[in-house]
Amino acid sequence: MEGSVLIDGSVMEGGGQILRMSAALSCITGTAIKISKIRAGRSTPGLRPQHLSGLQLVSDLCSGSLQGATIGSTDISLSPGKIQSGNHTADPQTAGSVCLLLQVALPCALFADSSSQLCLKGGTNAEMAPQIDYTVKVFKPIVEKFGVNFDCDIRMRGYYPKGGGEVMVTVNPVKELLPVTMTERGNITKIYGRAFVAGVLPFKLAKDMSTAAVRTIRKEIKDLYINIQSLQEKEKACGNGNGIIIIAESSTGCVFAGSALGKKGVYADKVGIEAAEMLLRNIRHNGCVDEFLQDQLIIFMALAKGRSRIRTGAVTLHTQTAIHMAEQLTQAKFTITKCDDELSSNDTYIIECEGSGATNPHL
């Protein structure tokens, strides 16, 4: 392929994120890409069902031509065409994460000529990926600051190992994305969440996760009412699972989360404590986003027109990888500066980006 950008899929974090980021940016910028050494260092290298269906979804969205896309493949190439609105479906037929499918498809659908319906199947609450509740409660309100507008209808929740979940996402196109500044954390004003059991698991597990989580947070945050609902999922759930997500909101509109999923042989209170500790860790650094939102915002900062500034905790390898991909495939320029004001812990940073100002040719 003449003039295609070559991407090494094994650099830095070296996982599926490189794939999602470069496929989405290829689609939006109209740049052909060739990715090699995909997930080279992983225990099962190459494309897994979830990565494959994500790539097919993007290729479908941009009427592109996709080569080398088979399970286990470590080399693919994508030549994008025109971005198509309308209905698109992705189904890895596993518990592969619907949230990761959304991560790759959402930016592309923003640059279509009219609204898109994405039917995403798989796991809604899966390991190594955001839970769907995170996507709706944390990711969504913050990306809306960039001018993104989308809706998520959770039709069915699906759990490991079968999946079977289904989420309908409607995405409205944008002319261009706005830059975002989030540098003031303010005070934590609200903490709430959901502890769930699905399928045959006893309701007591939800109660145990919730109680342990509240107890853990109480040690550090004494004066806030913490509202974690315990839920038994019956009809809109496929398979068995348990988990918890706890969300904290600040006075300036920042949103943070801690979450964990139950596993065989792990006590429920341990799951609750893990989620609570993750939340507390993400509040302590006084940044405006948690460690998981941090890398998910990079693509929007890179595409926005103008300068974005976001205050964060320690910059993750996922984020550094996303920045590396964004700078390779767009004109965006990122800088990371350590904060040393009186509010910062020893790990507070500002990620700044002069965005590439991608515009939607169809609008």
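Glycine is treated like the rest: Cβ placed from N, Cα and C.
As recorded in TrEMBL, the features of this protein are as follows:
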type	residues	note
ACT_SITE	H318	active site, tele-AMP-histidine intermediate
BINDING	Q103, F292, L293, Q294, D295, Q296	ATP binding site
DOMAIN	12-336	domain 'RNA 3'-terminal phosphate cyclase'
DOMAIN	183-283	domain 'RNA 3'-terminal phosphate cyclase insert'
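Shown in sequence order, I310, T312, G313, V315, T316, H318, T319, I351 are the residues of the chain, 6+ apart in sequence, with a C-beta less than 8 angstroms from the C-beta of Q294 (ATP binding site). Each residue in the domain 'RNA 3'-terminal phosphate cyclase' (12-336) has a pLDDT score, and their mean in this model is 97. Summarised by DSSP class, the composition of the domain 'RNA 3'-terminal phosphate cyclase insert' (183-283) is 33 helix, 38 strand, 30 coil. Using a 10 Å Cβ-Cβ cutoff, D295 (ATP binding site) registers 23 neighbours.
Spanning the listed ATP site, residues Q103, F292, L293, Q294, D295, Q296 have a farthest Cα to Cα distance of 13 Å. Counted within 10 Å of its Cβ, the other Cβ atoms near Q103 (ATP binding site) come to 23, all protein chains included. Within 8 Å of the centroid of the Cβ atoms of Q103, F292, L293, Q294, D295, Q296, where the record puts ATP, the same chain has further Cβ atoms from P130, F139, V289, E291, L297, I298, H318, T319. Same-chain residues at least 6 positions away in sequence with a Cβ under 8 Å from that of Q296 (ATP binding site) are, in sequence order, Q103, P130, F139, V143. With a 10 A radius on its CB, the residue listed as 'active site, tele-AMP-histidine intermediate' counts 19 other CB atoms from all the protein chains.
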